[in-house]
């Protein structure tokens, strides 16, 4: 018999039912579970797949550049970034008919096009790209990198070029390489690009390979560097009347500490960003020389961790045994990496709007909203993944003997206390926040809005004041006009910071009140509950009170009810599954809050948010209902407008989302019976019965159906909100 899919598992390949296909797909990337896997092949497969991942990323970014150069309007956008709408790419077949063709022909294009809400135009413009030729060059370069990555991935699977296990487990060398080689050198290279290409570009000087060696980025060249007069590089910065991309009002400084925003572009000063990247480069280049490799100098990670034993015995044996535990578990390493990346992605969301780095992006409201929402959802998925792999670590890799009485073992020892504290925090936040919202709802319904319970967030306002926001009237730190910090700030450091904090047109330290206080606690409820589910799933992965022997059941077993001995103290997979719903819910609140607050800020009617956000009906009526009207009118009896694609996506998103419930709220036996009925009818129908299948059709397993339901729920949820977000924002601000 020919080898059947999946080749990596002979047991599955011989399964006579359709389970073979679904389980094969589900375990295709679980290299550890494959038949003849060795530790060495496991590491080599993962290493090679990283190159494949890089190749896909480079190909994708190359495609962005290529399509904008081919079908976009980058050159005309550069002439007038505030009034020309950036085009992402052409649309082949706008739906439906001539009205749609006319509706989607915009941005100065000859035919129907999609508008770009990704911010790439602003990014490319800021870093010095100006022409379609520049974009094509970038696309070709990235295509070349993509090919190189593919070749490298293939090469490292060849016997001669396969790295050994010892190479993969050489943590110090990897740390040095990543700190110095990746972060340090790339930050230094980026500083170089900003200083040599982007900053001259922002001052109307076009630097390319042909004049790269002739144009001095600073009038004094490298002189100040060698004579120690570094302050000369900060003198004569761009003036507040500087027109970006021209020499009008431009200075000569390349590394500054101005603070605040460029008045015309509303983005951070390029010279501040160059300075920032130079500092980062310096720190990481130093950090990458700290660990002991071939030369016998520097720190040993293992020695550092073994020495970390807190005094007084309060944390037992501290970090003893952690080095080998982490270094020998790829799930632990992946969990740490995902946790870090998730936090960073969320920080990117928060900083991209409050401290915009790209010229004119702050005035492109739809792009701001899209980027914030995108990065928060990505962060949510990555963070939940961190806990999933933490749970797999406890099941597959954790060795109690190796970790006796260290911080890891002690987490397991007092997990009941951790769970109960998180549970208490979640219950407290949930009941109190809902109680306040519902009370306020009732007061408005009874026509007595003055009886609402409105709490000023005085601690948060105090923190904002300490950073220089004066409108609350706190006389503290940077908002205290006669304090030494305030006066020093005027001249020595970041003179533009205080102006930026107190100018109400940007998103830096938005004024907050009772509505913010309430939604902040609603979000805190979501965060704590999601964390509770995820932490419980990981800490109970090996065993729990009701089911002490989970380890041999593996990561994902179904809840089978009490009939077969009872596995209803859920599997670690089940915890991940439940947590994703909470994660989506929480980020829903986060994005609703961000979007509504900003819509009212951009429209100049902040009182709408302040007055309506203190009760639930306000959110439903004045945010969701009010802002969905343009969207729902994408198609109407009079024809089609340019929001019709979002109206369609909004409907389609609801469809996908609702389909999820078919898999989530259902009995497996119902599907099994339905499938057998259909198979029976098929086999007895003329013509149809000529077509046979090799695998006996069976219903999805409980875990599989949950996964399919979860995938539909997530995708539909995000499609629906993305359509709402883009249509409601672009419908208002064009």
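Just so it is clear, glycine is given a Cβ too, placed from its N, Cα and C backbone atoms.
What Swiss-Prot lists as transmembrane segment is 46-69 (among others), and the listing cites sequence analysis.
Taken from Swiss-Prot, the feature transmembrane segment covers 135-158 (among others).
Here Swiss-Prot flags 175-199 (among others) as transmembrane segment, drawing on sequence analysis.
If you look up Swiss-Prot, you'll see 273-291 (among others) marked as transmembrane segment, on the strength of sequence analysis. The list of residues near the transmembrane segment (273-291) in space but at least 6 beyond its ends in sequence, with Cβ under 8 angstroms from a Cβ of it, reads 172-173, 175-181, 183-185, 187-188, 190-191, 194-195, 198-199, 234, 254-257, 298-301, 357.
Within its own chain, the transmembrane segment (330-353) is flanked in space by residues 42-43, 46, 361-362, 368, 371-372, 374-376, 378-380, 382-383, 385-387, 389-390, 392-393, 396-397, 507, 594, 598, which lie at least six positions past its ends and keep a Cβ under 8 Å from the stretch. Per Swiss-Prot, the feature transmembrane segment maps to 330-353 (among others); the stated evidence is sequence analysis.
Residues or ranges marked as transmembrane segment by Swiss-Prot on the basis of sequence analysis: 369-395 (among others).
Beyond its flanks by at least six residues, the transmembrane segment (417-439) meets 411, 452-453, 455, 518, 521-522, 524-525, 528-529, 531-532, 535-536, 539, 614-616 of its own chain at Cβ-Cβ distances under 8 Å. Residues annotated as transmembrane segment in Swiss-Prot: 417-439 (among others).
Annotation comment: Swiss-Prot describes 517-535 (among others) as transmembrane segment, evidence class sequence analysis.
Residue 559 ([4Fe-4S] cluster binding site): 14 other CB atoms within 10 A of its CB, across all protein chains. Under the heading [4Fe-4S] cluster binding site, Swiss-Prot lists 559, 568.
Under the heading transmembrane segment, Swiss-Prot lists 575-596 (among others). Away from its own ends, the transmembrane segment (575-596) comes close to residues 353, 369, 372-373, 376-377, 380-381, 383-384, 387-388, 391, 516, 519, 522-523, 526-527, 529-530, 533-534, 536-538, 540, 609, 613, 619, 623-624, 627, 706-707, 710, 713-714, 717-718, 721, 725, 728-729 of its chain (Cβ-Cβ under 8 Å, at least six residues beyond either end).
Nonlocal intrachain contacts for the transmembrane segment (643-665), taken as residues 6+ away from its ends with a CB within less than 8 angstroms of a stretch CB, comprise 95, 100, 103-104, 628, 630-635, 700, 705-706, 708-713, 715-724, 726-727, 730-731. Among the features that Swiss-Prot reports, transmembrane segment is placed at 643-665 (among others), with the record citing sequence analysis.
Here Swiss-Prot flags 654 as chlorophyll a B1 binding site. Mapped onto three states, the DSSP output places residue 654 (chlorophyll a B1 binding site) in helix. Residue 654 (chlorophyll a B1 binding site) counts 15 other C-beta atoms within 10 Å of its own C-beta, drawing on all protein chains shown.
Under the DSSP three-state reduction, residue 670 (chlorophyll a B3 binding site) is assigned to helix. According to Swiss-Prot, the chlorophyll a B3 binding site annotation covers 662, 670, on the basis of sequence analysis.
With a cut-off of 8 Å between CB atoms and residues at least 6 apart in sequence, the same chain places 699, 700, 705 near residue 671 (phylloquinone binding site), listed in sequence order. What Swiss-Prot lists as phylloquinone binding site is 671.
Per Swiss-Prot, transmembrane segment is recorded for 707-727 (among others).
Tertiary neighbourhood of the transmembrane segment (517-535): same-chain residues 384, 387, 418-419, 422-423, 425-426, 429-430, 432-433, 436-437, 455-457, 460, 575-576, 578-579, 582-583, 585-586, 589-590, 593, 613-614, selected by CB-CB distance under 8 Å and a gap of 6+ residues from either end. Of the ranges 46-69, 175-199, 707-727, the one with the most Cβ pairs under 8 Å to the transmembrane segment (135-158) is 46-69. All protein chains included, residue 670 (chlorophyll a B3 binding site) registers 10 other Cβ atoms within 10 Å of its own Cβ. Within 10 Å of the Cβ of residue 662 (chlorophyll a B3 binding site) there are 13 other Cβ atoms, across all protein chains. Beyond the transmembrane segment (369-395), the same-chain residues lying 6 or more positions past its ends with a Cβ under 8 Å from any Cβ of the stretch are 117-119, 329, 331-332, 334-336, 338-339, 341-343, 345-346, 348-349, 352-353, 412, 530, 534-535, 537-539, 541-542, 550-551, 554-555, 572-573, 575-576, 579-580, 583-584, 586-587, 590-591, 594-595, 598, 718, 721-722, 725-726, 729. Here the CA atom of residue 654 (chlorophyll a B1 binding site) lies 13 Å from the CA atom of residue 662 (chlorophyll a B3 binding site). Residues of the same chain lying 6 or more positions beyond the ends of the transmembrane segment (46-69) and with a Cβ under 8 Å from any Cβ of it are 31, 87-89, 116, 118, 120-121, 124, 132-133, 135-136, 138-140, 142-143, 145-147, 149-150, 152-154, 156-157, 163, 168, 330. Cα to Cα, residue 670 (chlorophyll a B3 binding site) and residue 654 (chlorophyll a B1 binding site) are separated by 24 Å.
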